[in-house]
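S.K.: Please find one structure pasted underneath; my questions will follow.
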Amino acid sequence: MTIRSPETEVKIVVEKDPVKTSFEKWAQPGHFSRTLAKGPSTTTWIWNLHADAHDFDSHTSDLEEISRKVFSAHFGQIAVILIWLSGMYFHGARFSNYEAWLSDPTHIKPSAQVVWPIVGQEILNGDVGGGFQGVQITSGFFQIWRASGITSELQLYSTAIGGLVLATLTLIGGWYHYHKAAPTLAWFQDVESMLNHHLAGLIGLGSLSWAGHQIHVSLPINQLLDAGVDPKEIPLPHEFILNRELLAQLYPSFSKGLTPFFTLNWSEYSDFLTFRGGLNPVTGGLWLSDTAHHHLAIAVLFIIAGHQYRTNWGIGHSLREILEAHKGPFTGEGHKGLYEILTTSWHAQLALNLALFGSLTIIVAHHMYAMPPYPYLATDYGTQLSLFTHHMWIGGFLVTGAAAHAAIFLVRDYDPTTQYNNLLDRVLRHRDAIISHLNWVCIFLGFHSFGLYIHNDTMSALGRPQDMFSDTAIQLQPVFAQWIQNTHTLAPTLTAPNAASSTSITWGGNLVAVGGKVALLPIPLGTADFLVHHIHAFTIHVTVLILLKGVLFARSSRLIPDKANLGFRFPCDGPGRGGTCQVSAWDHVFLGLFWMYNSISVVIFHFSWKMQSDVWGTVTSNGVSNITGGNFAQSANTINGWLRDFLWAQASQVIQSYGSALSAYGLIFLGAHFVWAFSLMFLFSGRGYWQELIESIVWAHNKLKVAPAIQPRALSIIQGRAVGVAHYLLGGIATTWAFFLARIISVG
């Protein structure tokens, strides 16, 4: 790293009182748009109001003003999250059996919702144990609270109030930084300073403070809880923080204070900063001393990372230099020009972040079962299934959003004259090769993965089981996956000799059971997994094909060379040009959402059945008795098996839930099917049909002299599609949710 002359001094500049605080203005619907502010003449107005309220690009073209609005909106977003969290903690304090659950987490089920006795719906308050009647929850909050050392409802109340105080502060912050002291554009574009502060401050100090909490509060409290001490007898958090002797009784190295730290004898601290691997056999969760160690290590790494970028001192990296130096022999100008894109297009920035965090959320979904981070999480099957499903859906939506904002960037913010022969330009120029190859891959994967199932269904139907692909006939073992599992099982002996076991028991090793229930065991992979994994590959590639085609052809195509002029969303390329409908970038996102839904559905079905068949169950003297008795390997290799032994067999709980505490899931299952079916009305019918119908209804109103002042209009083609896809996804997700929960709460 060379020492250079400092960059131009960064001055923190804010503009004082840039926008007047005016309740009169806010009270006027559509105040952000000249057209909308005039008020409604047709019913289209309300749709445009919702479409454009947060599309800050449509309010102004001034990047500084857009940046301030986004920045201010983030404060509001954080406030909403804090209010929601506060509500969760309040429910835990006011309406839950948390203290009872804490004293016996293996037999008592978590509940933090009590239904009021109106029209007989108190039937939903099932007996969850510990003399408590309520709705069983599957959010994992109880497990998080125990891991963080919360032992009483008073602590939950206090945290709930703290959340509301923080929410108030963020709301004031959002108002203050837009109306009183708004940052200038230069501040939003100062990426080096932003990286330093976010890496060292948010992630580094955030992880450090959490590690401190874990070490001084969570670890001692959980150590005592694991030993069976009554929560009411355990000292309060501030006693552990203020009285070192208390901690030293549990972790002797505390008596030595900071001496080992400054004398570099760090191994002295290994009684509370461990590197064990595997799960705590008492709770079935990761060792909390491992996770404290992890957060401390993350803090150190990110605090160092937050000192890497060059600001007012002449040392460190410049992001522009890094990007412009990034070129190889075959990549033309490399990343030259990307710095300008990422500092002037927040859509480009957002697309990258959504792609990254979407992928990360999907990785989190897998870690939540493979390395369950909280005590008693692994044996709470309803929560495990809910957390996996939730993070998979969220990840799918974020990745689809990445494609949406990448396309918006190309339509609204991309300037081809400044991007010549860099990697982005080169990708756009050979987009035909990319898309046609990807299309071929999708066809190959589709025919081959589906073909294996069709073969099996045919052989099964003809009574020829010996000719099927299965673990007992023609084997297609996932040998690469099995090799990876084996390698990871053996890894600790070589790479981490002090670790007691590998990172996850799913790789291999010994079963962990808590209270007679399986927490985790090595997950066997066979022919049925090989087949469904290729369906995963197929659905994911098709989703990517649709979304990537939308991005790469967002500005132009052979069919519509001037697509950029038509905008991000448009129904067709004007009258007189047939065959040009559904080509806008928005339409690709619309279509991509359906395939995203396909992809995630297959994944969560696979997970749900696989875990019930091969992992979850009870441990007896004869071994493990799984919920569905290992039927995945025999049945999941035919389409008929998926329909009969998964969907139909496991739907019995939700279909037969009427008259029980689970009956709400039966109603949701039914209602969500209706919502899903309702979406088809929007997706399968044309706009003209509705306009004709509306006009005859308006005629009838005129006859009766009750005609509305605001003229009714059919939804535009794009509005109709948006309503359709929203109900399709909402209906589908809620149906799956009811199906999963009724099933797993009954049998888990």
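Quick reminder: no glycine exception, Cβ is built from N, Cα and C everywhere.
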S.K.: Can you check which of 95-119, 195-219, 245-269 Swiss-Prot lists as transmembrane segment?
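M.R.: Matching range for transmembrane segment: 195-219.
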S.K.: Select the closest residue to Met681 (chlorophyll a binding site) from the following binding-site residues, measuring between CA atoms: Cys572, Cys581, His673, Trp690.
M.R.: Trp690
S.K.: Give the distance between the Cα atoms of Cys581 ([4Fe-4S] cluster binding site) and Trp690 (phylloquinone binding site), rounded to the nearest whole Å.
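M.R.: So the Cα of Trp690 (phylloquinone binding site) lies 19 Å away from that of Cys581 ([4Fe-4S] cluster binding site).
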S.K.: Taking the Cβ of Cys572 ([4Fe-4S] cluster binding site) as the centre, count every other Cβ atom within 10 Å, in any protein chain shown.
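M.R.: The answer is 17 other Cβ atoms.
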S.K.: With pairs restricted to those 6 or more apart in sequence, evaluate whether the transmembrane segment (588-609) and the transmembrane segment (662-684) have 3+ C-beta pairs under 8 Å.
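M.R.: These two stretches do not touch.
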S.K.: Quick one: Cα separation, His673 (chlorophyll a' binding site) versus Trp690 (phylloquinone binding site), in Å?
M.R.: 24
S.K.: Can you work out which residues elsewhere in the same chain, 6+ from the ends of the transmembrane segment (70-93), have a Cβ less than 8 Å from its Cβ atoms?
M.R.: 54, 56, 112-113, 139, 141-142, 145, 153-154, 156-157, 159-164, 166-168, 170-171, 173-175, 177-178, 183, 188, 346
S.K.: Taking the Cβ of each of the binding-site residues and counting other Cβ atoms inside 10 Å, which one has the highest number: Tyr689, Trp690?
M.R.: Trp690
S.K.: In whole Å, how far does the CA atom of Trp690 (phylloquinone binding site) lie from that of Cys572 ([4Fe-4S] cluster binding site)?
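M.R.: Cα-Cα distance, Trp690 (phylloquinone binding site) to Cys572 ([4Fe-4S] cluster binding site): 19 Å.
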S.K.: By Cβ distance under 8 Å, which residues at least 6 away from the ends of the transmembrane segment (385-411) in the same chain are close to it?
M.R.: 138-140, 341, 345, 347-348, 350-355, 357-362, 364-366, 368-369, 543, 547-548, 550-551, 554-555, 563-564, 567-568, 585-586, 588-589, 592-593, 596-597, 599-600, 603-604, 607-608, 611, 733, 736-737, 740-741, 744, 748
